[in-house]
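To keep things clear, I will list the structure first and then write my remarks on it.
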Amino acid sequence: MSWHPQYRSSKFRHVYGKAASKEKCYDCVPITRNVHDNHFCAVNPHFIAVVTECAGGGAFLVIPIHQTGKLDPHYPKICGHKGNVLDIKWNPFNDFVIASCSEDATVKIWDIPKHLLTRNITSPKKELLGHVRRVGLIEWHPTANNILFSSGYDYKIMIWNLDTKEAVISNPVKILDAHKDVVLSMSFNTDGSLLATACRDRKIRLIDPRAGTVLQVASYKSHRVNKVLFLGNVKKLFSTGTSRWNNRQIALWDQNDLSVPLLEEDLDGSSGLLFPFYDSDTHMLYVVGKGDGNIRYYEISPEKPYLNYLMEYRSHLPQKGIGMMPKRGLEVSACEIFRFYKLIPTKSLIEPISMIVPRRSESYQEDIYPMTTGAQPALTAQEWLNGVNKGPLLVSLRPGSGAVNSLPQFLEPEPLMKTTDLSQHQGWGGRMPLEDMQKPSEIEDRRKQLKVEEKLPKNEQMCLSNGFDIFECPPPKTENELLQMFYRQQEEIRRLRELVNQRDVQIKQLELELRNLCTDTGSY
């Protein structure tokens, strides 16, 4: 293992992995059997998308993140591709837009509706036609809005500007043809001014994407690279691959000198691929093995030994693919610093795994949650194409600080109404004391609020189903849950009828008092 000093101070040395309970997993998901070496899963704070097994073309599922448990076998799919879907990626600045690429040589951009899917989506928002062979990789630019990179088996990387009104885009703004074989991996530096690629010719290339020039090439023969990753702003690259003896291997490189790796380490003799993930906020590196249940994690330091081994999460269930939740979707109250979504096709299961820093206090831990990448772009597409570089816009994860949600940009803005507000105004979600309901002033205020809510546009209520928000509370999935909801609604109707009867009695009492007052004044 990596050399590390006997005593080393670190707030992350006791980080542990915690698998979600069965009811918080996603069960009965038909995960793809495709052997392509990709994640097959993409996650954001609203949805989890997973490539699914499908006959006659390619498809993937988009499931609301809170809709855990068993999935309906007839759950709607996104199925507009004519070949197997090979990669899916959420737009980092719009949680309701996802890109997919396929063996049919196309890239498609999809709008995901806020309300619950009721039918298959077959028509994409945009279609990108440029590759002549299947497209295996897609990556969104980390800071510029609506810039997408795609890599195909025609050995070309294409840069697309989606800031156009056309539904079909045939001409990419730039084509990078520096590779002589299939590109296996792409990774951006923090501001997106540099692109690192791993190719099947066993070389790592550092490319200026706008100029199309290759700045550095690593052709180290004892390390056959599969995946490459930029390590934030520390000017280092991390790669996974195999050694001459076919052992799984990791390597660390200096961005300015790719001739020899700074560090090279054999892990084991397994044959599965290694997926690297880096958290620039905590400087932690995660290495996930395909075909096994292990997640190794390290801490990156600027000086030797550079790579400090922390721990390994082990599971007997092998993962085929893996998804990663952005930092703005984590549960900071539980000191969660990373979350994986593990695809287990043998059980048709998606299992969330939380990486947690053990802390006694339940308050916000500012030292493990520095300012992190937000959901707003730093640049427009045209600014980036014109040569402007800018780092990501940072936000705080402190609860109540706001600015961590991504707003739809392709969709028309649809303000969400909180379930709690509806339950307070309408009396559908939560129960109210009868004494409060009987006050005439409150009754009058509530009537006014109901009148205002009746005037709301229909699109503001699209995300509500039977009085609850599907993102906060998923709809019933079993017959038992459906019966419980039915009885709850029957009870609610009975209670409301009682309230109406009581109000009628109050009205009659007030009318009688008013008549008596009129009679008294008339007698005087």
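The count begins at 1 with the first shown residue.
The backbone N, Cα and C atoms fix where each Cβ goes, glycine too.
Source: prediction; values computed, not measured.
The DSSP breakdown of the domain 'DUF1899' (5-69), given as helix, strand and coil counts, is 3 helix, 24 strand, 38 coil. The feature domain 'DUF1899' is assigned by TrEMBL to 5-69.
Here the repeat 'WD' (78-112) has Cβ contacts under 8 Å with residues 32, 34, 36, 38-47, 49, 51, 54, 57-62, 120-129, 131-140, 142, 145-146, 148, 150, 152, 160, 162, 326, 373, 375-377, 405-411 of the same chain, all six or more residues outside its ends. Among the features that TrEMBL reports, repeat 'WD' is placed at 78-112 (among others).
The repeat 'WD' annotation in TrEMBL covers 128-170 (among others). Tertiary proximity for the repeat 'WD' (128-170) is limited to same-chain residues at least six positions away from its ends with a CB under 8 Å from its CB atoms, namely 36, 38, 83, 86-93, 99-109, 176-177, 179-188, 190-192, 195, 197, 209, 373, 377-385, 390-392, 409.
A mean pLDDT of 94 is what the model gives for the repeat 'WD' (176-217). According to TrEMBL, the repeat 'WD' annotation covers 176-217 (among others).
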Taking DSSP states H, G and I as helix and E and B as strand, how many residues of the repeat 'WD' (128-170) are helix, strand and coil?
0 helix, 22 strand, 21 coil
Helix, strand and coil counts within the repeat 'WD' (176-217) (DSSP):
0 helix, 22 strand, 20 coil
Using DSSP, what is the helix/strand/coil residue split across the repeat 'WD' (78-112)?
0 helix, 22 strand, 13 coil
